[in-house]
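Features reported for this protein in Swiss-Prot:
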{"type": "BINDING", "residues": "D23, S52", "note": "Mg(2+) binding site"}
{"type": "BINDING", "residues": "Y171, L172, E173, A174, G175, S176, G177, G203, G204, G225, T226", "note": "sn-glycerol 1-phosphate binding site"}
Amino acid sequence: MQVEAHLQKIIEKDGKVHLTLIDPASQTPDRAAEIALAAVEGGTDAIMIGGSTGASGTLLDETVIKIKENIHVPTILFPGSSAGLSKYADAVFFMSLLNSRDLGYVITNQVLGAPLVYRSQIEPISMAYLIVEPGGTVGWVGDAKLIPRKKPEIAAVYALAGKYLGMHYTYLEAGSGADSPVNPEMIGAVKQVLGENKLIVGGGIRNAETAKICTSAGADMIVTGTVVEEVKDVTAKVAEIVSAIKR
C-alpha cells in the first residue's frame, strides 16, 4: 500500500496520525534507529527523516537504511533542500515553503529534486509547508516571512492557495523546539478551508495535553521531534502523546 493511502487508513481507523521526526544530524545512524524503534513501540505511525541543516548524503542514506532495518512503519523524507533526498526511503513530503522569500525553497529545490524522486520511485506526497512564528532554525534557513501567531486568516489563505495548487497536505510549523506550538485558532481556521485535505502540525509539541489541544482544534497529524531526542524513555513519551490524540 502507498504511504499516503496507509496514513489515510489510519485516520479512518484511529482518527489521527502521530509522526516522529528524526534529524540525521543529531545522532549516529545506529542511535537514530534505536529512537525510531522506541517510537514505533510507543505507537507512532511513521518516521519522518530530515532537518533544516546537515541531513544529506551518506549520513542521510545510512540513517534511513538503519531505521528501515529496525521498524515496520513507513519512512518519510522531510528534506530541507534537494540534498535531503535518499533513494532508500519509502516516501517524501514533496513540499513547497510557500511563505519563503527565497525561490529556492518555493520551487528551485523541487525542480532539482524531482528527477531523483522519479528515478528512485520514492512516493511523493505533495505538501504546502507554512512556517509560523517563532519559526526557529527552519524559519531562518528557509528565509520565511513568518506568519504572525495572532493572524490565523493569513495562514488560512496560504493553505487555501496550496490546496488549489493541488497539494494534498498542509504543514503548519512553529519551528523545532519552539516554546509553544501553533495556536488552536490558527489550526482551526486552516482546517476549515482545507476540508478533506490533511493538516499536519509540528513544533513545540512536548506532551499529551498540547498534542490533544492541536488535534481537537483540527490537526489530522501531529509531529514530535525534539522531545524524542531529549527524553530518556522515548517509548513512554510517544505512547503518552499517541493515547491522547487517538480515539
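Placement of Cβ uses the backbone N, Cα and C atoms for every residue, glycine included.
Taking the features listed in Swiss-Prot, we show where each one sits on the structure.
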| residue | record | CB count, 10 Å |
| --- | --- | --- |
| D23 | Mg(2+) binding site | 22 |
| Y171 | sn-glycerol 1-phosphate binding site | 24 |
| E173 | sn-glycerol 1-phosphate binding site | 26 |
| G175 | sn-glycerol 1-phosphate binding site | 25 |
| G177 | sn-glycerol 1-phosphate binding site | 16 |
| G204 | sn-glycerol 1-phosphate binding site | 23 |
| T226 | sn-glycerol 1-phosphate binding site | 20 |
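Cα-Cα distance from Y171 (sn-glycerol 1-phosphate binding site) to D23 (Mg(2+) binding site): 17 Å (rounded to the nearest whole number). On the backbone, the CA of E173 (sn-glycerol 1-phosphate binding site) and the CA of D23 (Mg(2+) binding site) stand 15 Å apart.
For the recorded site, T226 (sn-glycerol 1-phosphate binding site), the DSSP three-state label reads helix.
In the three-state DSSP scheme, G175 (sn-glycerol 1-phosphate binding site) is classed as coil. Under the DSSP three-state reduction, D23 (Mg(2+) binding site) is assigned to coil, being neither helix nor strand. A separation of roughly 16 Å, to the nearest angstrom, links the Cα atoms of G204 (sn-glycerol 1-phosphate binding site) and D23 (Mg(2+) binding site).
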